Amino acid sequence: MATVIPPPSKKQRREAQKPREVPLTPRDLPHVSIKFQALDTGENVGGSLRVPGDITEKQLEELLNQLNGNSDDPVPYTFSCDVAGKKPTDPIQPIDITDNLYSSILKPGYRTTEDIITLIYTPRAVFKVKPVTRSSSAIAGHGSTILCSAFAPNTSSRMVTGAGDNTARIWDCDTQTPKATLTGHFNWVLCVSYCPNGEVIATGSMDNTIRLWDSKDGKPLGDALRGHLKWITSLAWEPIHLVKPGESPRLASASKDGTIRIWDITRRVCLYTMSGHTNSVSCIKWSGQGIIYSGSHDKTVRVWDMNADGKCINILKSHAHWVNHLSLSTDYALRVGAFDHTGAQPASAKDARDKALANYEKVVKKNGKLEELMVTASDDFTMFLWNPLKSNKPIARMTGHQKLVNHVAFSPDGRYIVSASFDNSIKLWDGRDGKFISTFRGHVASVYQVAWSADCRLLVSCSKDTTLKVWDVRTRKLSVDLPGHKDEVYTVDWSVDGKRVCSGGKDKMVRIWTH
């Protein structure tokens, strides 16, 4: 029997009767004057140019590449235009050119054809990361729940996981075998972190200690670092471009005892103990300007200046409940240090510092000034976007989640923020002003973590519903569904070169996903 199409519903009939807008460009649209301006340096390229009023994003890209002399090897760009708000007190906000100049800028009335329109351009990632589509291996080895994982900053061949069986393991992703088992802790390993130069792995445990390991062979580097009175909740390395010549990067650790300690990993001593939080410190980040940010269960975020020996220079109070997680707009650049997606090794320590600084400045410079933004997520269902060195008032309060927000992450270029919540949804926000963009729905249980691909086009999420999902940021849709785990998935990470995703959780299996 043939399938009969059901009659349209009341809502569909109503929608069909509404007047539709046809995207037409007026025939007599005059030419407009535009200027190209670089986002990071604020420099203008090519002076004032006359172009058609309906010039497309692709044509703007070709024109800019010609002006920069890159016609043979074109660089992809995104364009935006800064417009003032409706009221004089409203902040200036960027509007992206998504289709063409007319529909994005002229038609909504942000600018007229009489104005000189300044287009701010940013280069996009040159390489494209393919979405992972299959599990290339499920590796057994851990004897208990896997709690944390991280890829090396320079290669997708190495990753480390920490688990409830008191060990961490280094895995060889090329042969899909365990490379080394890091034994020494006598309680759960709660956090693992690769040094940005790729040489050392730090693990923090519920036994109140931090241990350091050689990332190549997994040999312990000396004894445990002791000092914290309760378990370790978060680890952060000093960014490579701030490390003094001839020294190793320092390590910061946060604990449930409410303190943050800074360790010299060569002499294995605690340099400072920073106290002030009145409850457990849940997350710390070491910024590229020598500032440590710490979010705590006492509802505050503290700002510590490492250039002034760890002095607390600001306390950000806006959240009404525990601060669960925080992310910096430069997280990705600081994580990869001197490396890029090719994984090439820097020739010397000075070369590494220069490259790391260049990677950092690419993301952080706006009109020649350094601007590092931070986003905090809390149990109060909200997030706040801050420019913490400029003001102790947030730029934006981001609301919409129905349950606690567990994890937030800035995209590698700092343009977007993604948040994962226990309300089963993932939300995408504008990384510049905190405006809501879209909700990704698909998970049927709490979302624990998210990870970006290096080119900012995709993100992967892991959930209590045993699946991972890959989302396309441009179309705002689910790209690939990745079932395979037998139980809740607690941790996920995407390698720097974009080739692999790793995940782990309650089923004690490490899974590696490729395309």
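Cβ atoms here come from the backbone N, Cα and C positions, even for glycine.
A TrEMBL annotation is a machine prediction, not a hand-curated record.
Taken from TrEMBL, the feature domain 'NLE' covers 32-81.
The region 'Disordered' annotation in TrEMBL covers 1-29.
Long-range Cβ contacts of the repeat 'WD' (139-181) within its own chain (Cβ-Cβ under 8 Å, at least 6 residues beyond either end) map to 187-194, 196-198, 201, 203, 205, 207, 213, 215, 217-218, 335-337, 339, 343, 345, 490-500, 502-506, 508-512. Under the heading repeat 'WD', TrEMBL lists 139-181 (among others).
Under the heading repeat 'WD', TrEMBL lists 182-223 (among others). Residues 144, 147-155, 158, 160-164, 166-170, 229-237, 239-240, 248-249, 251, 253, 255, 263, 265, 268, 334-339, 352, 356 of the same chain lie 6+ residues outside the repeat 'WD' (182-223) yet bring a C-beta within less than 8 angstroms of a C-beta in it.
Positions annotated as repeat 'WD' by TrEMBL: 225-273 (among others).
According to TrEMBL, the repeat 'WD' annotation covers 274-307 (among others). Counted with DSSP, the repeat 'WD' (274-307) comes out as 2 helix, 20 strand, 12 coil.
Look at TrEMBL and you will find 398-439 (among others) tagged as repeat 'WD'. For the repeat 'WD' (398-439), the mean pLDDT of the prediction comes to 90.
If you look up TrEMBL, you'll see 440-481 (among others) marked as repeat 'WD'. If you look at the repeat 'WD' (440-481), the same-chain residues 6 or more away from its ends with a CB under 8 A from one of its CBs are 124-125, 127-129, 131-133, 332, 341, 403, 406-407, 409, 411-413, 415-416, 418-428, 487-494, 496-498, 501, 503, 505, 513.
Within its own chain, the repeat 'WD' (482-515) has Cβ neighbours under 8 Å at 127, 129-156, 159, 161, 163, 169, 171, 173, 176, 335-336, 339-343, 445, 448-455, 460-470, counting only residues six or more beyond its boundaries. The annotation repeat 'WD' is assigned in TrEMBL to 482-515 (among others).
Tertiary neighbourhood of the repeat 'WD' (274-307): same-chain residues 230, 233-239, 241-242, 252-262, 313-317, 319-328, 330-331, 333-334, 360, 364, 370, 372, 374, 376, 378, 386, 388-389, selected by CB-CB distance under 8 Å and a gap of 6+ residues from either end. Under DSSP, the residues of the repeat 'WD' (398-439) split into helix, strand and coil as follows: 0 helix, 22 strand, 20 coil.
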